[in-house]
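Undergrad: Not my notes, these are from Swiss-Prot:
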BINDING   R26, E83, K122, K448  (6S)-5-formyl-5,6,7,8-tetrahydrofolate binding site
DOMAIN    218-370  domain 'TrmE-type G'
BINDING   228-233, 247-253, 272-275  GTP binding site
BINDING   N228, T247, V249, T252  K(+) binding site
BINDING   S232, T253  Mg(2+) binding site
Amino acid sequence: MSMSSSTSTIVAIASAAGIGGVGIVRLSGPQSVQIAAHLGIARMQPRHAHYARFRDGHGAVIDDGIALWFNAPHSFTGEDVVELQGHGSPVLLRQLVARCIELGARQARAGEFSERAFLNGKLDLAQAEAIADLIAAGDLRAARAARRALDGVFSQRVDALAETLTRLRIHVEAAIDFADEPLDTLGGNQVRDGLGQARNVLAQLLRDAERGRKLRDGLHAVLIGPPNAGKSSLLNALAGSDRAIVTDVAGTTRDTLHEAIQLDGFELTLVDTAGLRDGGDAIEREGMRRARAELERADLALVVLDARDLQAARDAIGDAIDTVPRQLWIHNKCDLLGNAASLDANAIAVSAVTGQGLEQLHIRLRALALGDGVDSVDGEFSARTRHVQALRRAEQHADAADLELGFEQLELAAEELRLAHEALGEITGKLSADDLLGKIFSSFCIGK
């Protein structure tokens, strides 16, 4: 998809779909004010509200409302922007858009207003993505994290780190010009120390971005275990509703069941699965295959065992969970144990029926979801998978640069620093291909 042209004027409905009290049509581009004049809004002044009747080509009134002009470059897109605020009737809003197109505008593509804001330097790529994340936020915590990303909290940290890597690269490339001199005499120790500090900063930024990604996307947690361990009962207890069928018959669950729950503003998707065991009929075996497939994309495995027979339960699971990096072992049905029974100290003892241990389970889930410091949200920002991937590449190149410096391979070290800087530039859009930009903005809402 090609990037937006600043010579055209675009139009779209900017308010939410459906019927509402107020509807907004947004224009952006060089003809915005001229089109507004043809609609019947004459002598507009920037940043003043003008009451007007919006008319069609025959002079008939389409609607009446308020018109606002945000003159370039003092607007969201950096261009002349006119917003027409009328009644929230989809029929009237579509008619108003059609009239603007008759007057020379064209229908905006999804995300094209934000794309123009990016191209005109009003915000960087991470901030533009934060707009979509703010709109789609499912809870207050995610919304606040997206707001911080939109305010530039994430971008500023990325830019500061990129600047540090640039300075280090300048020192390394300067040393290349004096190849006959030992690196230490050219400030090599300071470069290594500086790179070490930059790697620490990068590692922390990566951890924070991963946490921000979880805030945006939520966590995929798979309930896994042998039949009749109480996985479905536990899902119902955590969800607060009878989402899964529960019986005393082993193998009741044959398919996967997804249920999203909120943990203090964090979304956790629980996946109930078929119990793992040897044998079973064809349908049950297919259910077990799907359970293992869910584990392959799980962020967290909730291993549910019957506390009355832990060894047999562990044997039934086998190596199914080995591929999941994070696991939480849950000993269910603890209410059926005698007082003398002892459980693994690293596991959580719960009863899905009585509710015993569920509060502790919630606490552990929060900690696993967001890591250390889950109660400190002041610095949280939203992030996306591509941001995390870019930071990981930057970390790999920074580590490689440190290794090459140790061998005094200055040309290779300089190249690794360049690649680390390039990976960071992809986050903010300073170094992004047009096809990547097009893919990102096409996922936005129309009118944004």
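Placement of Cβ uses the backbone N, Cα and C atoms for every residue, glycine included.
Note that this is a predicted model, so its numbers are computed, not measured.
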Undergrad: Of R26, K122, K231, which of the binding-site residues has the most Cβ neighbours inside 10 Å?
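TA: The most densely surrounded of these binding-site residues is K231.
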Undergrad: Compute the C-alpha separation of N228 (GTP binding site) from K122 ((6S)-5-formyl-5,6,7,8-tetrahydrofolate binding site), stating it in Å without decimals.
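TA: About 57 Å separate the Cα atoms of these two residues.
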Undergrad: Within 10 angstroms of the C-beta of S232 (Mg(2+) binding site), what count of other C-beta atoms is obtained when all protein chains are considered?
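TA: Here the count is 24.
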Undergrad: Taking only same-chain residues 6+ apart in sequence, whose CB is under 8 Å from that of E83 ((6S)-5-formyl-5,6,7,8-tetrahydrofolate binding site), what do you get?
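TA: Long-range Cβ contacts: A14, I24, V25, R26, L27, A67, L68, F70.
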